[in-house]
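Participant: Sharing a structure, written as C-alpha coordinates. Questions coming.
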Amino acid sequence: MPPTSFSCSFLTLQPRFNSYVNPFFRSLSFQLSSSPLPFNAHFSSIRLRSSLSRPAETDSPTGGRSGALTPGPSVGADVQKIDVNPPKGTRDFPPEDMRLRNWLFNHFKEVSRLYGFEEVDYPVLESEALFTRKAGEEIKDQLYCFEDRGNRRVALRPELTPSLARLVIQKGKSVPLPIKWFTVGQCWRYERMTRGRRREHYQWNMDIIGVPGVMAEAELLSSIVTLFKRIGITESDVGFKVSSRKVLQEVLNCYSVPEHLFGKVCVIIDKIEKIPVDEIKKELEAVGLSQEAVQKLLQVLSVKSLAELEERLGSSGEAIADLKQLFSLAEKIGFSKWVQFDASVVRGLAYYTGIVFEGFDREGKLRAICGGGRYDHLFSTFGADDIAACGFGFGDAVIVELLKEKGLLPELNLHVDDIVCALDEDLQGCAAMVANILREKGHSVELVLENKPLKWVFKRASRVNAERLVLVGNSEWQRGVVGVKILSTAEQYEVKLDDLK
(Lines of atoms letter the chains of each structure in order from A and count residues from 1; the text may use other names and numbers.)
(Lines give C-alpha, C1' and ligand atoms only; values in the text may rest on other atoms or scores of the structure.)
Protein backbone atom coordinates (compact mmCIF):
# COMPACT_ATOMS: atom_id res chain seq x y z
CA MET A 1 0.00 0.00 0.00
CA PRO A 2 1.23 3.54 -0.64
CA PRO A 3 2.46 5.44 2.40
CA THR A 4 0.04 7.78 4.11
CA SER A 5 1.24 11.35 4.65
CA PHE A 6 0.09 13.50 7.53
CA SER A 7 1.50 16.34 9.59
CA CYS A 8 1.75 16.03 13.32
CA SER A 9 3.45 17.81 16.13
CA PHE A 10 6.39 16.04 17.67
CA LEU A 11 4.73 16.91 20.99
CA THR A 12 1.58 15.02 20.05
CA LEU A 13 3.62 11.85 19.73
CA GLN A 14 5.57 12.37 22.94
CA PRO A 15 3.93 15.05 25.14
CA ARG A 16 6.20 14.43 28.08
CA PHE A 17 9.19 15.76 26.07
CA ASN A 18 7.44 19.11 25.60
CA SER A 19 9.93 21.14 27.55
CA TYR A 20 12.98 19.48 26.01
CA VAL A 21 12.27 19.60 22.27
CA ASN A 22 13.68 22.37 20.12
CA PRO A 23 10.74 24.30 18.59
CA PHE A 24 12.18 23.54 15.15
CA PHE A 25 11.08 19.92 15.43
CA ARG A 26 7.51 20.81 16.40
CA SER A 27 6.59 21.65 12.84
CA LEU A 28 8.36 18.82 11.08
CA SER A 29 6.07 16.91 8.77
CA PHE A 30 6.43 13.15 9.03
CA GLN A 31 5.50 10.70 6.32
CA LEU A 32 4.84 7.42 8.04
CA SER A 33 4.13 4.04 6.59
CA SER A 34 0.47 3.05 6.79
CA SER A 35 1.49 -0.07 8.68
CA PRO A 36 1.67 0.60 12.42
CA LEU A 37 5.12 1.55 13.72
CA PRO A 38 6.16 1.90 17.34
CA PHE A 39 7.43 5.36 18.19
CA ASN A 40 10.86 4.02 18.96
CA ALA A 41 11.19 2.46 15.50
CA HIS A 42 14.43 3.31 13.75
CA PHE A 43 14.30 6.63 11.95
CA SER A 44 15.34 4.73 8.80
CA SER A 45 11.73 3.51 8.74
CA ILE A 46 10.45 7.09 8.72
CA ARG A 47 10.84 9.36 5.74
CA LEU A 48 11.07 12.99 6.75
CA ARG A 49 10.09 15.85 4.54
CA SER A 50 10.70 19.34 5.76
CA SER A 51 7.68 21.61 5.38
CA LEU A 52 9.37 24.67 6.71
CA SER A 53 12.36 26.89 6.31
CA ARG A 54 14.38 28.65 8.98
CA PRO A 55 14.21 32.44 8.63
CA ALA A 56 17.01 34.77 9.47
CA GLU A 57 17.30 35.37 13.20
CA THR A 58 16.93 38.94 14.38
CA ASP A 59 17.91 40.62 17.60
CA SER A 60 15.00 40.96 20.03
CA PRO A 61 14.38 44.10 22.09
CA THR A 62 15.59 42.27 25.16
CA GLY A 63 18.96 41.59 23.62
CA GLY A 64 18.27 37.95 22.71
CA ARG A 65 17.50 36.59 19.28
CA SER A 66 14.12 35.64 17.92
CA GLY A 67 13.00 34.04 14.72
CA ALA A 68 9.62 32.45 14.28
CA LEU A 69 9.56 29.50 11.90
CA THR A 70 7.16 29.84 9.03
CA PRO A 71 6.13 27.07 6.63
CA GLY A 72 7.94 27.05 3.28
CA PRO A 73 6.91 25.58 -0.07
CA SER A 74 5.98 21.91 0.00
CA VAL A 75 8.55 19.59 -1.55
CA GLY A 76 7.48 16.39 -3.30
CA ALA A 77 8.08 13.28 -1.23
CA ASP A 78 9.41 11.24 -4.12
CA VAL A 79 12.96 12.11 -5.12
CA GLN A 80 13.57 12.08 -8.86
CA LYS A 81 16.01 9.38 -9.88
CA ILE A 82 19.20 10.48 -11.58
CA ASP A 83 20.26 9.19 -14.98
CA VAL A 84 22.78 6.52 -14.08
CA ASN A 85 24.44 6.61 -17.51
CA PRO A 86 27.56 8.76 -18.00
CA PRO A 87 27.17 11.90 -20.15
CA LYS A 88 26.83 11.19 -23.86
CA GLY A 89 30.14 10.38 -25.47
CA THR A 90 31.88 9.51 -22.20
CA ARG A 91 32.57 6.21 -20.45
CA ASP A 92 32.66 4.52 -17.10
CA PHE A 93 35.45 2.08 -16.45
CA PRO A 94 34.14 -0.75 -14.27
CA PRO A 95 36.79 -3.27 -13.13
CA GLU A 96 36.74 -5.43 -16.27
CA ASP A 97 37.13 -2.36 -18.53
CA MET A 98 39.74 -0.88 -16.25
CA ARG A 99 41.81 -4.07 -16.54
CA LEU A 100 41.73 -3.72 -20.34
CA ARG A 101 42.63 -0.04 -20.15
CA ASN A 102 45.56 -0.73 -17.84
CA TRP A 103 46.74 -3.56 -20.12
CA LEU A 104 46.76 -1.22 -23.13
CA PHE A 105 48.34 1.69 -21.27
CA ASN A 106 51.05 -0.57 -19.91
CA HIS A 107 51.93 -1.52 -23.50
CA PHE A 108 52.02 2.19 -24.43
CA LYS A 109 54.39 2.89 -21.55
CA GLU A 110 56.59 -0.14 -22.10
CA VAL A 111 57.11 0.65 -25.79
CA SER A 112 57.96 4.24 -24.85
CA ARG A 113 60.47 2.96 -22.31
CA LEU A 114 62.03 0.62 -24.87
CA TYR A 115 62.63 3.61 -27.14
CA GLY A 116 64.16 5.73 -24.39
CA PHE A 117 61.29 8.22 -23.90
CA GLU A 118 60.50 9.94 -20.60
CA GLU A 119 56.94 10.25 -19.30
CA VAL A 120 55.34 13.66 -18.74
CA ASP A 121 51.82 14.96 -18.17
CA TYR A 122 49.95 18.25 -18.37
CA PRO A 123 46.72 19.71 -16.92
CA VAL A 124 43.49 18.50 -18.47
CA LEU A 125 42.32 22.12 -18.13
CA GLU A 126 44.37 24.58 -20.17
CA SER A 127 44.10 28.16 -21.41
CA GLU A 128 41.70 28.30 -24.36
CA ALA A 129 44.23 30.39 -26.31
CA LEU A 130 46.58 27.42 -26.37
CA PHE A 131 44.24 25.66 -28.83
CA THR A 132 42.93 28.63 -30.83
CA ARG A 133 46.16 30.27 -32.02
CA LYS A 134 45.93 28.65 -35.46
CA ALA A 135 42.96 29.70 -37.63
CA GLY A 136 40.79 27.45 -39.73
CA GLU A 137 40.99 24.34 -37.61
CA GLU A 138 37.92 22.19 -37.06
CA ILE A 139 39.14 21.57 -33.54
CA LYS A 140 38.22 25.13 -32.50
CA ASP A 141 34.55 24.27 -32.95
CA GLN A 142 34.92 21.11 -30.86
CA LEU A 143 36.34 22.65 -27.69
CA TYR A 144 34.78 22.19 -24.29
CA CYS A 145 35.53 25.76 -23.21
CA PHE A 146 34.19 28.22 -20.65
CA GLU A 147 35.06 31.20 -18.51
CA ASP A 148 36.19 30.34 -15.01
CA ARG A 149 35.43 32.32 -11.85
CA GLY A 150 38.54 34.41 -12.40
CA ASN A 151 37.19 35.53 -15.80
CA ARG A 152 39.79 33.43 -17.63
CA ARG A 153 38.94 31.56 -20.82
CA VAL A 154 39.85 27.91 -20.30
CA ALA A 155 39.24 24.64 -22.16
CA LEU A 156 39.46 20.92 -21.59
CA ARG A 157 42.38 19.86 -23.74
CA PRO A 158 41.28 18.41 -27.12
CA GLU A 159 44.81 17.17 -27.84
CA LEU A 160 48.20 17.02 -26.16
CA THR A 161 50.75 18.60 -28.53
CA PRO A 162 50.08 22.28 -27.65
CA SER A 163 50.52 21.44 -23.96
CA LEU A 164 53.81 19.75 -24.82
CA ALA A 165 54.96 22.88 -26.66
CA ARG A 166 53.96 25.07 -23.71
CA LEU A 167 55.99 22.94 -21.29
CA VAL A 168 59.02 22.85 -23.58
CA ILE A 169 58.93 26.64 -23.85
CA GLN A 170 58.52 26.95 -20.08
CA LYS A 171 61.57 24.74 -19.43
CA GLY A 172 63.67 26.57 -21.99
CA LYS A 173 67.35 25.70 -22.10
CA SER A 174 67.18 23.80 -18.79
CA VAL A 175 66.19 20.73 -20.82
CA PRO A 176 68.90 19.67 -23.31
CA LEU A 177 67.95 18.65 -26.83
CA PRO A 178 66.83 16.30 -28.17
CA ILE A 179 63.77 15.92 -25.97
CA LYS A 180 62.02 12.55 -26.15
CA TRP A 181 58.80 12.69 -24.13
CA PHE A 182 55.64 10.60 -24.03
CA THR A 183 52.32 10.86 -22.23
CA VAL A 184 49.04 8.99 -21.94
CA GLY A 185 46.32 11.54 -21.23
CA GLN A 186 42.61 12.18 -21.52
CA CYS A 187 41.36 14.49 -24.27
CA TRP A 188 37.95 16.07 -24.88
CA ARG A 189 36.26 17.05 -28.14
CA TYR A 190 32.60 17.81 -28.71
CA GLU A 191 32.18 16.05 -32.05
CA ARG A 192 29.86 13.69 -33.86
CA MET A 193 30.27 10.21 -32.48
CA THR A 194 30.98 7.19 -34.66
CA ARG A 195 32.49 3.80 -34.02
CA GLY A 196 35.76 4.38 -32.18
CA ARG A 197 35.09 8.13 -31.83
CA ARG A 198 33.91 9.52 -28.52
CA ARG A 199 33.79 12.94 -26.91
CA GLU A 200 36.45 11.90 -24.47
CA HIS A 201 39.28 9.50 -25.10
CA TYR A 202 42.73 8.69 -23.86
CA GLN A 203 45.66 9.29 -26.16
CA TRP A 204 49.23 8.03 -26.24
CA ASN A 205 51.63 10.67 -27.58
CA MET A 206 55.33 10.31 -28.34
CA ASP A 207 57.24 13.41 -29.43
CA ILE A 208 60.83 14.17 -30.44
CA ILE A 209 61.95 17.79 -30.09
CA GLY A 210 65.18 19.10 -31.60
CA VAL A 211 65.83 16.60 -34.43
CA PRO A 212 65.29 18.11 -37.92
CA GLY A 213 66.01 14.95 -39.91
CA VAL A 214 63.57 12.27 -41.11
CA MET A 215 65.24 9.76 -38.79
CA ALA A 216 62.95 11.10 -36.06
CA GLU A 217 59.80 10.19 -38.03
CA ALA A 218 61.25 6.75 -38.76
CA GLU A 219 61.84 6.19 -35.04
CA LEU A 220 58.25 7.14 -34.23
CA LEU A 221 56.78 4.86 -36.90
CA SER A 222 59.02 2.04 -35.68
CA SER A 223 57.69 2.49 -32.14
CA ILE A 224 54.07 2.20 -33.29
CA VAL A 225 54.91 -0.95 -35.27
CA THR A 226 56.50 -2.36 -32.11
CA LEU A 227 53.27 -1.65 -30.21
CA PHE A 228 51.18 -3.38 -32.89
CA LYS A 229 53.39 -6.46 -32.80
CA ARG A 230 53.18 -6.66 -29.01
CA ILE A 231 49.38 -6.76 -29.06
CA GLY A 232 49.06 -9.19 -31.97
CA ILE A 233 48.40 -6.80 -34.88
CA THR A 234 50.25 -7.56 -38.15
CA GLU A 235 51.00 -5.69 -41.37
CA SER A 236 48.09 -7.53 -42.99
CA ASP A 237 45.75 -5.93 -40.43
CA VAL A 238 46.96 -2.33 -40.49
CA GLY A 239 49.24 -0.02 -42.46
CA PHE A 240 50.46 3.58 -42.54
CA LYS A 241 49.59 6.10 -45.23
CA VAL A 242 52.53 8.48 -45.53
CA SER A 243 52.90 11.81 -47.34
CA SER A 244 54.32 15.29 -46.75
CA ARG A 245 52.69 18.68 -46.30
CA LYS A 246 55.45 19.98 -48.57
CA VAL A 247 53.77 18.18 -51.50
CA LEU A 248 50.68 20.30 -51.00
CA GLN A 249 52.78 23.41 -50.49
CA GLU A 250 54.64 22.91 -53.79
CA VAL A 251 51.38 22.61 -55.72
CA LEU A 252 49.93 25.72 -54.09
CA ASN A 253 53.11 27.68 -54.77
CA CYS A 254 52.77 26.87 -58.49
CA TYR A 255 49.45 28.74 -58.50
CA SER A 256 50.52 31.61 -56.22
CA VAL A 257 48.09 30.63 -53.49
CA PRO A 258 48.74 32.89 -50.45
CA GLU A 259 50.53 31.20 -47.55
CA HIS A 260 47.82 32.18 -45.05
CA LEU A 261 45.37 29.87 -46.88
CA PHE A 262 47.58 26.82 -46.43
CA GLY A 263 46.06 25.75 -43.11
CA LYS A 264 42.50 26.14 -44.39
CA VAL A 265 43.31 24.07 -47.50
CA CYS A 266 44.77 21.31 -45.31
CA VAL A 267 41.62 21.14 -43.20
CA ILE A 268 39.51 20.77 -46.37
CA ILE A 269 41.79 18.15 -47.94
CA ASP A 270 41.69 16.16 -44.69
CA LYS A 271 37.99 15.54 -45.42
CA ILE A 272 38.73 13.94 -48.79
CA GLU A 273 37.59 10.46 -47.72
CA LYS A 274 34.69 11.78 -45.64
CA ILE A 275 32.70 13.93 -48.10
CA PRO A 276 32.12 13.84 -51.91
CA VAL A 277 34.83 15.28 -54.19
CA ASP A 278 32.41 17.89 -55.53
CA GLU A 279 32.03 19.24 -51.98
CA ILE A 280 35.82 19.35 -51.65
CA LYS A 281 36.03 21.37 -54.88
CA LYS A 282 33.38 23.83 -53.68
CA GLU A 283 35.11 24.37 -50.34
CA LEU A 284 38.52 24.88 -51.97
CA GLU A 285 37.12 27.42 -54.41
CA ALA A 286 35.27 29.13 -51.54
CA VAL A 287 38.56 29.85 -49.71
CA GLY A 288 40.09 31.43 -52.83
CA LEU A 289 41.66 28.73 -55.03
CA SER A 290 41.13 28.95 -58.78
CA GLN A 291 39.44 26.12 -60.62
CA GLU A 292 42.74 25.31 -62.32
CA ALA A 293 44.57 25.12 -58.98
CA VAL A 294 41.83 22.90 -57.50
CA GLN A 295 42.00 20.54 -60.49
CA LYS A 296 45.81 20.27 -60.32
CA LEU A 297 45.74 19.79 -56.56
CA LEU A 298 43.20 16.95 -56.71
CA GLN A 299 45.22 15.25 -59.43
CA VAL A 300 48.36 15.29 -57.29
CA LEU A 301 46.44 14.12 -54.22
CA SER A 302 45.26 11.04 -56.13
CA VAL A 303 48.87 9.84 -56.58
CA LYS A 304 49.67 6.60 -54.74
CA SER A 305 53.36 6.07 -55.59
CA LEU A 306 56.52 8.07 -55.08
CA ALA A 307 57.63 7.41 -58.66
CA GLU A 308 54.47 9.01 -60.06
CA LEU A 309 54.75 11.92 -57.66
CA GLU A 310 58.31 12.51 -58.83
CA GLU A 311 57.09 12.59 -62.44
CA ARG A 312 54.55 15.29 -61.58
CA LEU A 313 56.63 17.47 -59.25
CA GLY A 314 60.20 16.70 -60.32
CA SER A 315 62.97 15.31 -58.15
CA SER A 316 64.44 18.54 -56.83
CA GLY A 317 61.88 19.38 -54.14
CA GLU A 318 62.24 18.75 -50.40
CA ALA A 319 59.06 16.68 -50.29
CA ILE A 320 60.43 14.01 -52.63
CA ALA A 321 63.80 13.93 -50.84
CA ASP A 322 62.22 13.53 -47.39
CA LEU A 323 59.85 10.80 -48.52
CA LYS A 324 62.56 8.84 -50.33
CA GLN A 325 64.74 8.93 -47.23
CA LEU A 326 61.87 7.79 -44.98
CA PHE A 327 61.01 4.82 -47.18
CA SER A 328 64.69 3.90 -47.37
CA LEU A 329 64.89 3.94 -43.55
CA ALA A 330 61.73 1.86 -43.31
CA GLU A 331 63.41 -0.80 -45.45
CA LYS A 332 66.54 -0.82 -43.29
CA ILE A 333 64.72 -0.76 -39.93
CA GLY A 334 62.30 -3.45 -41.02
CA PHE A 335 58.82 -1.91 -41.28
CA SER A 336 58.62 -1.23 -45.03
CA LYS A 337 55.68 -3.64 -45.40
CA TRP A 338 53.69 -1.46 -43.05
CA VAL A 339 54.01 1.84 -44.97
CA GLN A 340 52.67 3.12 -48.28
CA PHE A 341 52.69 6.49 -50.00
CA ASP A 342 49.36 8.32 -50.27
CA ALA A 343 49.45 11.97 -51.33
CA SER A 344 45.96 12.64 -49.95
CA VAL A 345 47.14 12.34 -46.35
CA VAL A 346 47.62 15.86 -44.94
CA ARG A 347 46.22 15.60 -41.35
CA GLY A 348 43.67 18.17 -40.21
CA LEU A 349 45.73 20.15 -37.72
CA ALA A 350 47.23 23.31 -39.21
CA TYR A 351 50.59 23.10 -37.44
CA TYR A 352 52.01 20.16 -39.45
CA THR A 353 54.82 21.21 -41.82
CA GLY A 354 56.50 18.13 -43.32
CA ILE A 355 56.09 14.34 -43.19
CA VAL A 356 52.60 13.28 -42.07
CA PHE A 357 51.20 9.78 -41.54
CA GLU A 358 48.06 7.93 -40.50
CA GLY A 359 47.58 4.38 -39.26
CA PHE A 360 44.59 2.65 -40.85
CA ASP A 361 42.94 -0.77 -40.80
CA ARG A 362 43.24 -2.47 -44.17
CA GLU A 363 39.62 -3.61 -44.21
CA GLY A 364 38.52 0.03 -44.03
CA LYS A 365 35.95 -0.51 -41.28
CA LEU A 366 37.38 2.00 -38.82
CA ARG A 367 38.57 5.60 -38.75
CA ALA A 368 42.28 6.41 -38.40
CA ILE A 369 43.95 4.41 -35.64
CA CYS A 370 46.69 6.97 -35.06
CA GLY A 371 48.36 9.88 -36.81
CA GLY A 372 51.19 12.32 -36.60
CA GLY A 373 53.94 14.15 -38.38
CA ARG A 374 56.39 17.03 -38.29
CA TYR A 375 55.48 20.40 -36.78
CA ASP A 376 58.60 22.57 -37.00
CA HIS A 377 56.74 25.91 -36.75
CA LEU A 378 54.39 25.27 -33.83
CA PHE A 379 56.53 26.97 -31.19
CA SER A 380 56.60 30.33 -32.96
CA THR A 381 52.78 30.48 -32.79
CA PHE A 382 53.24 30.73 -29.01
CA GLY A 383 55.82 33.51 -29.26
CA ALA A 384 58.94 31.34 -28.93
CA ASP A 385 61.72 30.42 -31.34
CA ASP A 386 60.86 27.50 -33.60
CA ILE A 387 62.36 24.10 -32.83
CA ALA A 388 62.36 21.06 -35.12
CA ALA A 389 59.73 18.66 -33.78
CA CYS A 390 57.60 15.69 -34.69
CA GLY A 391 55.25 13.34 -32.90
CA PHE A 392 52.10 11.26 -33.03
CA GLY A 393 48.82 10.70 -31.21
CA PHE A 394 47.36 7.20 -30.74
CA GLY A 395 43.86 6.97 -29.25
CA ASP A 396 42.58 4.18 -27.03
CA ALA A 397 39.11 3.79 -28.58
CA VAL A 398 39.84 2.74 -32.19
CA ILE A 399 42.55 0.22 -31.28
CA VAL A 400 40.16 -1.52 -28.88
CA GLU A 401 37.57 -1.74 -31.66
CA LEU A 402 40.21 -3.24 -33.95
CA LEU A 403 41.24 -5.80 -31.32
CA LYS A 404 37.58 -6.79 -30.95
CA GLU A 405 37.25 -7.07 -34.73
CA LYS A 406 40.29 -9.36 -34.94
CA GLY A 407 39.39 -11.44 -31.88
CA LEU A 408 42.57 -10.29 -30.13
CA LEU A 409 41.18 -8.87 -26.91
CA PRO A 410 43.04 -10.51 -24.03
CA GLU A 411 41.27 -12.36 -21.21
CA LEU A 412 42.02 -10.23 -18.19
CA ASN A 413 40.34 -11.80 -15.20
CA LEU A 414 40.66 -10.63 -11.64
CA HIS A 415 43.49 -12.50 -9.93
CA VAL A 416 44.86 -12.56 -6.40
CA ASP A 417 47.65 -14.71 -4.99
CA ASP A 418 45.96 -15.60 -1.71
CA ILE A 419 42.60 -15.44 0.00
CA VAL A 420 42.80 -15.42 3.80
CA CYS A 421 39.91 -16.47 6.00
CA ALA A 422 39.38 -16.81 9.76
CA LEU A 423 37.46 -19.92 10.77
CA ASP A 424 36.24 -18.21 13.92
CA GLU A 425 34.95 -14.66 14.30
CA ASP A 426 37.34 -14.10 17.22
CA LEU A 427 40.28 -14.81 14.89
CA GLN A 428 39.52 -12.09 12.31
CA GLY A 429 42.22 -9.85 13.73
CA CYS A 430 44.70 -12.72 13.46
CA ALA A 431 43.63 -13.32 9.86
CA ALA A 432 44.24 -9.63 9.10
CA MET A 433 47.74 -10.00 10.55
CA VAL A 434 48.40 -13.02 8.29
CA ALA A 435 47.14 -11.06 5.27
CA ASN A 436 49.52 -8.19 6.04
CA ILE A 437 52.47 -10.58 6.44
CA LEU A 438 51.79 -11.86 2.94
CA ARG A 439 51.25 -8.37 1.50
CA GLU A 440 54.59 -7.22 2.90
CA LYS A 441 56.15 -10.07 0.92
CA GLY A 442 54.55 -8.80 -2.30
CA HIS A 443 51.48 -11.06 -2.45
CA SER A 444 48.12 -9.76 -3.60
CA VAL A 445 45.73 -10.85 -0.84
CA GLU A 446 41.98 -10.78 -0.39
CA LEU A 447 40.98 -10.88 3.26
CA VAL A 448 37.51 -12.24 4.04
CA LEU A 449 36.14 -9.35 6.09
CA GLU A 450 33.11 -11.08 7.56
CA ASN A 451 32.38 -14.37 9.27
CA LYS A 452 31.43 -16.46 6.22
CA PRO A 453 30.86 -20.21 5.76
CA LEU A 454 33.60 -22.11 3.91
CA LYS A 455 31.28 -22.77 0.97
CA TRP A 456 31.08 -19.00 0.38
CA VAL A 457 34.85 -18.65 0.80
CA PHE A 458 35.57 -21.28 -1.87
CA LYS A 459 33.16 -19.59 -4.29
CA ARG A 460 34.84 -16.28 -3.63
CA ALA A 461 38.28 -17.81 -4.16
CA SER A 462 37.12 -19.14 -7.50
CA ARG A 463 35.71 -15.77 -8.56
CA VAL A 464 38.92 -13.89 -7.77
CA ASN A 465 41.08 -16.69 -9.23
CA ALA A 466 43.06 -17.08 -6.02
CA GLU A 467 46.01 -19.44 -6.12
CA ARG A 468 45.94 -20.33 -2.42
CA LEU A 469 43.49 -20.39 0.45
CA VAL A 470 45.01 -19.56 3.84
CA LEU A 471 42.85 -20.62 6.79
CA VAL A 472 43.30 -19.30 10.31
CA GLY A 473 41.83 -21.83 12.74
CA ASN A 474 41.76 -21.83 16.54
CA SER A 475 43.86 -24.93 17.27
CA GLU A 476 46.32 -24.12 14.47
CA TRP A 477 46.76 -20.56 15.68
CA GLN A 478 47.57 -21.77 19.19
CA ARG A 479 50.34 -23.88 17.65
CA GLY A 480 51.63 -20.90 15.63
CA VAL A 481 50.64 -22.27 12.24
CA VAL A 482 48.01 -21.66 9.55
CA GLY A 483 46.43 -24.01 7.05
CA VAL A 484 47.26 -23.56 3.36
CA LYS A 485 45.42 -25.07 0.40
CA ILE A 486 46.71 -24.89 -3.18
CA LEU A 487 43.44 -24.45 -5.04
CA SER A 488 44.61 -25.73 -8.42
CA THR A 489 45.83 -29.08 -7.01
CA ALA A 490 43.86 -29.35 -3.73
CA GLU A 491 47.18 -29.91 -1.91
CA GLN A 492 46.88 -28.98 1.78
CA TYR A 493 49.52 -28.37 4.44
CA GLU A 494 50.29 -26.36 7.54
CA VAL A 495 53.01 -23.73 7.75
CA LYS A 496 54.50 -21.66 10.56
CA LEU A 497 53.84 -17.93 10.41
CA ASP A 498 57.56 -17.21 10.16
CA ASP A 499 57.83 -19.53 7.14
CA LEU A 500 54.76 -18.21 5.34
CA LYS A 501 55.74 -17.09 1.83
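Cβ atoms are placed via backbone N, Cα and C, with glycine included.
Unlike curated entries, TrEMBL annotations are predicted automatically.
Per TrEMBL, the features are:
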BINDING   Glu159, Leu160, Thr161, Arg189, Gln203, Asp207, Arg347, Tyr351, Tyr352  L-histidine binding site
DOMAIN    89-410  domain 'Aminoacyl-transfer RNA synthetases class-II family profile'
REGION    54-93  region 'Disordered'
Participant: Please give the L-histidine site's span as the largest CA-CA distance among Glu159, Leu160, Thr161, Arg189, Gln203, Asp207, Arg347, Tyr351, Tyr352, to the nearest whole angstrom.
Facilitator: 21
Participant: I want to check the contact list for Thr161 (L-histidine binding site): same chain, sequence separation of six or more, C-beta distance under 8 angstroms. What comes out?
Facilitator: Asn205, Asp207, Leu349, Tyr351, Tyr375, Leu378, Gly391, Gly393
Participant: Who sits close to Glu159 (L-histidine binding site): which same-chain residues at least 6 apart have their Cβ under 8 Å from its Cβ?
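Facilitator: The answer is Phe131, Ile139, Cys187, Gln203, Leu349, Gly393.
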Participant: Name the residues of the same chain, 6+ apart in sequence, whose Cβ is under 8 Å from the Cβ of Arg347 (L-histidine binding site)?
Facilitator: Arg245, Cys266, Asp270, Val356, Glu358, Gly371, Gly372, Gly373
Participant: Can you give me the same-chain residues 6 or more apart in sequence from Tyr352 (L-histidine binding site) with a CB-CB distance under 8 Å?
Facilitator: Arg245, Cys266, Val346, Gly373, Arg374, Tyr375
Participant: Grab the pLDDT values for the domain 'Aminoacyl-transfer RNA synthetases class-II family profile' (89-410) and give me their mean, rounded.
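Facilitator: 91, rounded to a whole number.
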